[in-house]
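Q: According to Swiss-Prot, the feature active site, schiff-base intermediate with DXP maps to 95, an assignment based on sequence analysis. The 1-deoxy-D-xylulose 5-phosphate binding site annotation in Swiss-Prot covers 156, 182, 183, 204, 205 and rests on sequence analysis.
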């Protein structure tokens with residue numbers, strides 16, 4: 001069971017709502033993935049009604065919503081988006097995203113840390129999306145973030161765990177849940193992230209862009225469970241040398 005800010009999740013697969021061809025496909029794929037936390041961009045919401053056509057169906061399925069500040073370019077815009085989401089959705093949970101570069105969507109570490117500090121002081125449950133920077137993740141933990149969400153590779157790239165070396169350090173040092181976010185493009189990559197000791201993964205593009213998002217959602221659910229079970233069971237040590245698993249020639253010397 002994964003606990004974030006006193007909220008428990010049985011599933012360690014978190015999902016997104018973007019890039020699906022249709023809302024019905026998205027809802028069915030999320031259900032197939034067994035995800036219990038779904039992130040959605042605040043900019044998708046209707047400012048007049050505080051919802052969009054997927055909000056109620058998600059809530060009806062018992063999914064916890066994690067609004068995100070995607071599109072925010074600085075501290076001011078991110079805080080405004082967080083305030084807006086709390087007013088519209090009645091939640092103090094926020095996925096903090098600040099990426100001023102529209103081409104590569106790299107998160108701004110300086111603006112993110114400052115926004116996280118302010119939002120934590122205001123009582124938000126902050127889950128920041130950041131580079132796989134162990135020092136930054138430690139600082140975010142110190143200002144009160146409920147979890148950290150380091151990227152595996154650029155958003156939507158499906159490149160997998162390009163930052164594996166740094167993810168290992170973050171996982172080793174963290175005292176809050178580590179959720180690998182962005183770049184996971186295949187179920188095998190999600191399994192590997194969980195084998196490293198990640199507490200959860202967030203997957204969107206790999207499911208939404210699949211030719212069969214519903215089937216892919218099921219695949220990711222199985223992959224995450226397998227990776228977690230392998231981590232708990234304990235993986236064997238990696239060696240650069242061969243080690244025999246049974247005696248090779250000892251019996252030849254017996255008389």
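Along the chain as shown, residues are numbered 1 onward.
Backbone N, Cα and C atoms are what each Cβ position is placed from, and that goes for glycine too.
Please go over these features one by one and say how buried each is and what sits next to it.
A: A 10 Å cutoff on Cβ-Cβ distances gives residue 95 (active site, schiff-base intermediate with DXP) a total of 28 other Cβ atoms nearby, all chains included.
For the recorded site, residue 205 (1-deoxy-D-xylulose 5-phosphate binding site), the DSSP three-state label reads helix.
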Q: Could you tell me which of these binding-site residues, 156, 183, has the fewest other Cβ atoms within 10 Å of its Cβ?
A: 156
Q: List, in sequence order, the residues of the same chain other than 156, 182, 183, 204, 205 whose Cβ lies within 8 Å of the centroid of the Cβ atoms of the recorded 1-deoxy-D-xylulose 5-phosphate site.
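A: Other same-chain residues with Cβ inside the cutoff are 16, 154, 155, 157, 158, 184, 185, 203, 206.
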Q: Rounded to the nearest Å, what's the C-alpha distance separating residue 182 (1-deoxy-D-xylulose 5-phosphate binding site) and residue 95 (active site, schiff-base intermediate with DXP)? Just drop the number here, would you?
A: 13
Q: Taking only the Cα atoms, work out how far residue 204 (1-deoxy-D-xylulose 5-phosphate binding site) lies from residue 95 (active site, schiff-base intermediate with DXP), in Å, as a whole number.
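A: Between the Cα atoms of residue 204 (1-deoxy-D-xylulose 5-phosphate binding site) and residue 95 (active site, schiff-base intermediate with DXP), the distance comes to 14 Å.
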Q: Would you mind checking how many other C-beta atoms are within 10 angstroms of the C-beta on residue 205 (1-deoxy-D-xylulose 5-phosphate binding site)?
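A: Looking across every protein chain shown, the total is 18.
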